[in-house]
Amino acid sequence: MSVRKRYKVTYVLDSCNDQLGHRLDANCLVLGRYFSEQGSAPVTRALYSGGRDGQLFGWDIGYDYGKASQPLAKIQAHSAWVNDIALTHDSEGVISCSSDSTVKLWKPHVLNASCLSTIGEHTDYVKRVSIPKYSKSPLVASGGLDKRIIVWDYNVGQEVMRFEQLPDCSLVVGPRSGVYSLAANNNIIANGGLQKDIQLWDCVSKKRITDLVGHTDNVRDILISDDGRTILTASSDATIKLWSLRAQKCLFSFIAHSDSVWALYSEHPDLKVFYAGDRSGLITRTDIRNQPNNQSCTAICKQDAPVSDIVARQSFIWSTSRDGSILRWKDEPLFNQDVGAALSKHTSSHLSVSSDCPSRHSSDIRNHSCPTLYHDDAEDIYYDLHHTESYSNINLTKTPDYVIHGGIGLLKYRMLGDRRHVLTEDAVGNKCLWDILACKQAGEFDKSEDFEKIVQSLDTVQAIPRWASVNCLLGILAVTLDENHYMDAEIYADECPLLKVDSPSDKRINLGVWILKNLFREFIDAELHRDLKFRQNLDVVRSEAKKQIEAQREEARKGNVNMPSALSPLRIRSRPSPLSLPPEPLLSPTIDYSATPFPLEPPPESPGPSLQIPSNNPVYTNLTDTDSMMGAPDYFSIPARQNRNRKPHTEVVGSPTVVRTKEIIPPKVTREGSFMGRLKKLGRSKSSKSLQTDFMKASVERAASSRVFSTGTSVTSPQALSKTNNTVNNAANTENNTLAKDKQQTSEASSPGTPRELKTTGELIEDLHEQYVHFKDKDTVLSLMKPPNDDTFPMLNLSSQITVIISEESPEAGNSRDIYRSTLENMADDIDLLENIMPFWLGRLLLLNEFPSKTAPTVNFTLQPFPGSGLPLIVNENTRLSASAMLRAQKIMDYSYSKLSQQRKDVSSLQFRCKDVVVTPKMTLATVKARIWRSGDDVVFHYDVAPRSVSEIVDKTQSLNI
């Protein structure tokens, strides 16, 4: 049984679209070239960067690497941190991995939507990617916290091989952990992590070779030499170790750093010259090419932030820093003697081999003739550095040669009690108030003002349920709605300045539905237009369908019983890869690599009711102009025992009988051959003859599968069809038993009244079209689409640059993944894609105005006269009243006054108090209970005669500590 996926809708509010630079810290760097739009020749040299804001940048550094860097290209590639990037061999593509569990390919020189494609996915954060050096194959290895290493073909986006850690992967150190460091060549993949050792994998046998044990903390970075004989590793234990792969031993341990070493970089084929950066900001260069020379380790510079990645070329070093900045340093030695000798008086005058590195041998590849720890070959090549002092007392260079400044990202946010406004603060102290319903800034505040004091001054006594969540994980404000809570909040029309002034005082509007309708307005308009085109061509569809059925009858009489060819195109909807088009090859532009089609899910064996979506409460309700979305009355009532024999009144809107047919997958199915693929051409500019031809083909497929016509009579009964299928199955070979069972299930599924579970908006539209075909020929076919009314949910003036994201969550995945991302400006071009990936609950809301009904929260309360007022009881003091949490106090006041006026004629108006705080007429029961009563017990209201003048009212509402 497959677990249903959950879908979310996120829209992003960004007031700094034109800023150049990472909004948050940059995480990774790589040097390469930048090509022209045609990709024929490189234009300049480029530095590519990925950051915690999910963005990728390409910076122009010139052919001499000393140019003042300007951005060449940028893209919002991921919805979470970019953890690592690598460059393809031809420098035309940047491969990135992210905490959103995806590995993606970006072609910076491509300016259309195909510039970004998804290569593959992990089930948890992806921490590292590595491309074998000098390899001619389009392969990239990725490792993540799901404890897997996967090798991908980045040209076609397919998995080539995978390595998965076993529970006992590290017998010496401990249990398996995620992949935090990764390096690969043509034959071997090395990875490290929290298990503290380095694991070696053979790409030929696809098995783990051995483990290299020596570090005492997390292994943060790994480099492999060009010949594959040595490995250089950096660890959080502040050491850098050089390993011999043939001897499987630690040759040398470099301890020039006093803090965790996070980054390594080397372009030397034997790793004899390498750069290192640590958590304290220190960057060093180590050169062990000359044995007699004691000037091996040189401190280059020290920055104020940790070094998460470094690259170097010629006489420059680039390092990542905080606030999205990238620093460029001149690679000039600062000392004329060994750093260790300058720092420690007890440093040995010669270099000696480290002898304290533990190791573990593997009998699988151990060669007795290979160099060992004390072998002469090892002594001739490598040397050890020993010093334990830090660089804190040395005047290192702290001013970079050039700075690529980052943008300004949001660091702090707070949603106010009205659930419509959010206060944010960015990296430089700017404080802004956002209206997440109008999708724009509502105000700005001085940098010197305290954030918490601003929140207290802006917050109100309103208590609105949380209908959306907000975050600034990428340095920008993102608002997320999920299918379980987007309907939870309503506001009164007279409290919203975005609505008309003359709106009725008791009118309520749902915030989630309002914003969703406006975000997808282009989609709604396009589907209404397509729906009209389809209904205008129904006669052609029905006529051609009848002809096809007659032809099938004739074939059946001749003994050639075949399943209708329309069954397959009807139900199979090709789902394109989200956020990308079919990837184009980087290395061989002349070869056509087609994208892997989205896997088709078989129909459920026991299909559920028609138009049903699994939920906690799968009852759908239609929203009218006057009904409340919460489905609860505004007026309170005395709770009474329910009659168990009484059936609850449930109104299910728009659930006609739908004919369910089982999918029979033909050898080849293309998008153009599907039912919806042909129907969608109606909304495009084509000749009437072409339109009729398309609908004739569609009619054959749809009517043949359902076997039901406008008169409502069945052409071939399900029993006859089943009998025919059984005859064919009995005559078939025993090798075709599986196919026979499928046909039997198909005949059962094709019975009228057998519904299916709908998963996407495209399937919902198909079922609507099916219902149109079943209408009587002479009937006026009215549209079944009823989107949210404009009077109830008026149009909002939203910016066309707002980004909309649809993401999905599955239990097996560590986090959600984006399946659609676009701006409101470009949404009109993605209608076909949205039909395929938009979740059913969202399509049902946008096109049918139907949604799962929810029981509105209620508040229990009692009414008592204020002590000393002399007023009588309205109801028994032990009587508990109950009403919707959204009910305003004015309704309770009116009810109490009507009851009290029957006993006292001298009472003109009433005043309500709760805990000695005056309750204003517009307060809701939810606000009173959450902000004033603040207890789980029943709310107690005291009523008194209202003062004659406003000055006599002691309103303590403003003094509430909220």
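Glycine is no exception: its Cβ is also placed from the backbone N, Cα and C atoms.
Summarising the annotation, Swiss-Prot assigns compositional bias 'Low complexity' to 568-578, 724-738. As annotated by Swiss-Prot, compositional bias 'Polar residues' applies to 707-723. If you look up Swiss-Prot, you'll see 25-69 marked as repeat 'WD 1'. Residues or ranges marked as repeat 'WD 2' by Swiss-Prot: 77-116. As annotated by Swiss-Prot, repeat 'WD 3' applies to 121-162. Annotation source Swiss-Prot lists repeat 'WD 4' at 172-211. What Swiss-Prot records for 302-339 is repeat 'WD 6'.
Between the repeat 'WD 1' (25-69) and the repeat 'WD 6' (302-339) there are 3 or more Cβ pairs closer than 8 Å, counting only residues 6 or more apart in sequence, so the two stretches are in contact. For the repeat 'WD 2' (77-116), the DSSP counts in helix, strand and coil order read 3 helix, 17 strand, 20 coil. Confidence annotation: the repeat 'WD 6' (302-339) carries a mean pLDDT of 84 in the model. The repeat 'WD 1' (25-69): residue composition by secondary structure is 0 helix, 26 strand, 19 coil, according to DSSP.
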